[in-house]
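Engineer: The structure is given below, and queries will be raised subsequently.
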Amino acid sequence: MKIKAPVITIDGPSGSGKGTVAGLLARKLGWCLLDSGALYRLLAFAARNHGVDLTNEEALKLLAAHLDVQFEATAAGQGQRIILEGEDVTHAIRNEQVGSGASQVASLPAVRDALLLRQRAFQEEPGLVADGRDMGTVVFPDAPLKIFLTASAEERARRRYLQLKAKGDDVSLSSLLDEICARDERDTQRAVAPLKPAHDAIQLDSTELSIEQVLERILSEIALRGIAG
């Protein structure tokens with residue numbers, strides 16, 4: 001029987017830094033990267049492009065099964081480009097409206113089922129770093145290392161505010177905090193695959209930690225468990 005490539009999962013709420021940490025970790029290890037949140041953002045983005053209502057579960061399920069999407073590594077390992085139906089949407093799917101839509105469609109059981117096998121297909125040699133909200137609980141429950149990364153809602157809103165201001169966006173810190181709290185409630189209260197730590201996950205609060213400190217903590221766990229060579 002073929003031994004599957006190892007997986008490290010990094011779950012957590014919006015703005016916890018999981019995407020940044022996962023990208024840095026994947027590059028450090030030379031592993032594949034799954035940004036599962038991007039799949040839900042892509043679905044919400046495609047739904048709006050095709051006039052599909054975000055409450056129409058059957059139509060969204062069909063759209064999810066036939067998403068024409070590619071993830072392409074950029075030069076020198078600087079992240080990835082996301083191509084949807086031939087168009088580079090890497091930045092277009094990162095706005096707050098698409099993020100809110102992603103949270104909506106992620107609460108639909110049929111949509112999650114449609115994307116499950118698609119996510120598991122990313123598990124390839126030499127290994128996979130997967131970030132999202134249910135990577136350790138649902139998608140890769142047998143992963144040898146599971147991280148649940150969090151931070152206070154206020155700190156997560158502050159980080160997002162600084163990101164958006166740096167891009168020149170006109171945003172309000174208070175409105176971002178409201179949106180993060182609303183997303184937290186949707187993600188933790190949904191009936192299917194709610195946001196929660198896996199029973200065997202290592203929980204890290206990054207409120208007062210730098211990205212580098214979080215990465216070092218995870219690398220220490222990898223070394224301790226002998227996961228990456």
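Glycine residues also receive a Cβ, built from the backbone N, Cα and C atoms like all the rest.
As the structure is a computational prediction, the values presented were derived from the model and not from experiment.
From Swiss-Prot, here are the annotated features:
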type	residues	note
BINDING	Gly12, Pro13, Ser14, Gly15, Ser16, Gly17, Lys18, Gly19, Thr20	ATP binding site
Engineer: List, in sequence order, the residues of the same chain other than Gly12, Pro13, Ser14, Gly15, Ser16, Gly17, Lys18, Gly19, Thr20 whose Cβ lies within 8 Å of the centroid of the Cβ atoms of the recorded ATP site.
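Structural biologist: Result: Val21, Asp131, Leu149, Ala151, Arg156.
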Engineer: Across all chains shown, how many C-beta atoms besides its own are within 10 angstroms of the C-beta of Ser16 (ATP binding site)?
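Structural biologist: Cβ-Cβ neighbours of Ser16 (ATP binding site) within 10 Å number 25.
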Engineer: Among Ser14, Thr20, all listed as binding-site residues, which has the most CB atoms within 10 Å of its CB?
Structural biologist: Ser14
Engineer: Report the same-chain neighbours of Gly12 (ATP binding site): residues 6+ apart in sequence with Cβ closer than 8 Å to its Cβ, ordered by sequence.
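Structural biologist: Lys18, Arg133, Ile147, Phe148, Leu149, Thr150, Leu195 - these are the non-local Cβ neighbours of Gly12 (ATP binding site), listed in sequence order.
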Engineer: So for Lys18 (ATP binding site), how many other CB atoms are inside 10 Å of its CB?
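Structural biologist: Summing over all protein chains shown, Lys18 (ATP binding site) has 28 other Cβ atoms within 10 Å.
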Engineer: Taking DSSP three-state, what's Thr20 (ATP binding site) in: helix, strand or coil?
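Structural biologist: It is helical.
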